[in-house]
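Student: According to Swiss-Prot:
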REGION    58-93  region 'Disordered'
COMPBIAS  81-93  compositional bias 'Polar residues'
DOMAIN    98-355  domain 'Protein kinase'
BINDING   ILE104, GLY105, LYS106, GLY107, SER108, PHE109, GLY110, LYS111, VAL112, LYS127  ATP binding site
ACT_SITE  ASP222  active site, proton acceptor
DOMAIN    356-431  domain 'AGC-kinase C-terminal'
Amino acid sequence: MTIKTETEKPALTYSKTRGLVELITAFMKQRRMGLNDFIQKLATNSYACKHPEVQSILNLTPPQDPELMNSNPSPPPSPSQQINLGPSSNPSAKPSDFHFLKVIGKGSFGKVLLARHRTDDQFYAVKVLQKKAILKKKEEKHIMSERNVLLKNVKHPFLVGLHYSFQTADKLYFVLDYINGGELFYHLQRERCFLEPRARFYSAEIASALGYLHSLNIVYRDLKPENILLDSQGHIILTDFGLCKENIEPNGTTSTFCGTPEYLAPEVLHKQPYDRTVDWWCLGAVLYEMLYGLPPFYSRNTAEMYDNILNKPLQLKPNISNAARHLLEGLLQKDRTKRLGCKDDFTEIKNHVFFSPINWDDLNAKKMTPPFNPNVTGPNDLRHFDPEFTDEPVPSSIGCSPDCALATASIKEAAEAFVGFSYAPSMDSYL
């Protein structure tokens, strides 16, 4: 979860420090004592690792390249890379395949880094998550759900693509499309709000992405400006699928209380069963924020904000079109059974008069010119990333997998929790 600081004009900004405790917890260094120290020395000794009895103790395969082992800081492959990861396993992938260049984001369980693959020189965004932090919060199901959703998203123009995933003894790695046009939140911070044509373009691309997820029976559940990126041309890219709920049929519901406070729908706050229309409420909240600069029911006092969401009538200032007003009233309908999209889902959204200037076929083919061009000069252009991230040094542990915890119960538990995580595309996908 991205943590941002407030801008200089408090009247037009709001605090987004949610998840701070989780962020701090996720990055606390783990203490390593006793047997772990011995295991670390044993596992990093190339000669000892060749001995059959040592291999049996550590559950290691013999080193494939002793010269590489001695010259590279990455230790031998960890057991979590040797366990059965299913038919999509990519056990050969490892952190040392990448040159990690910059920190470009943070979340509750880890960091996102700009990385260049050492073989093909391609740039990727690599999301690195700490297994212990995930298990401590009992979030392993959400992580596996994110991985599953990413596998389904790879062909959609407005959803971030997963190239492959792999794991080490203590970390999970998502190798994703590198998007460097900046978060929508970053641009809203700078510009306060957007003109209606720009807000329409972004909300149309967002709606297309949500409609595609719904067609796969996936509810997104966490739409907010921090999870919406702009690519180098200015198109929307939706990212962070950790709160997605799979297998929700058109008339199906779920009941987990999750999301981000400013964008929670009334039925979620009521802890009632909710359906895919929760995403259309969030779209309304984001569109409102793009037009007015704040979420629709915002208050610095969370309890007051929740009360506003549940009970306060929607207030719309007169500086927007009647079409925009009508769309916001439909999306931000407190009764989900009357909300726009409750019957025909995305079809109702795209047929709304507000989107009449949009040619949806051209939009999905990226033939429509974005209203804003980030003007990035190349992969190393980081101007649209918060210096809070890019000024942070890249942790040395990111590029290697310390085997000091190989014999601990917690690592064995972590390996079992993430069986099937690793993924590599088939060769057919490259043809």
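Using the three backbone atoms N, Cα and C, a Cβ is placed for every residue, glycine included.
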Student: VAL112 (ATP binding site) to ASP222 (active site, proton acceptor): how many Å between their Cα atoms?
Tutor: 18
Student: Over the residue list ILE104, GLY105, LYS106, GLY107, SER108, PHE109, GLY110, LYS111, VAL112, LYS127, recorded for ATP, what is the maximum interresidue Cα distance in Å?
Tutor: 15
Student: Counting every protein chain present, what is the number of Cβ atoms, excluding its own, within 10 Å of the Cβ of VAL112 (ATP binding site)?
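Tutor: VAL112 (ATP binding site) is surrounded by 24 other Cβ atoms within 10 Å.
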Student: When neighbour density is defined as the number of other C-beta atoms within 10 angstroms of a residue's C-beta, which of the recorded positions SER108, GLY110, ASP222 has the lowest density?
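Tutor: ASP222, out of the recorded positions SER108, GLY110, ASP222, has the fewest neighbouring Cβ atoms within 10 Å.
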Student: In whole Å, how far does the CA atom of ASP222 (active site, proton acceptor) lie from that of SER108 (ATP binding site)?
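Tutor: Their Cα atoms are separated by 14 Å.
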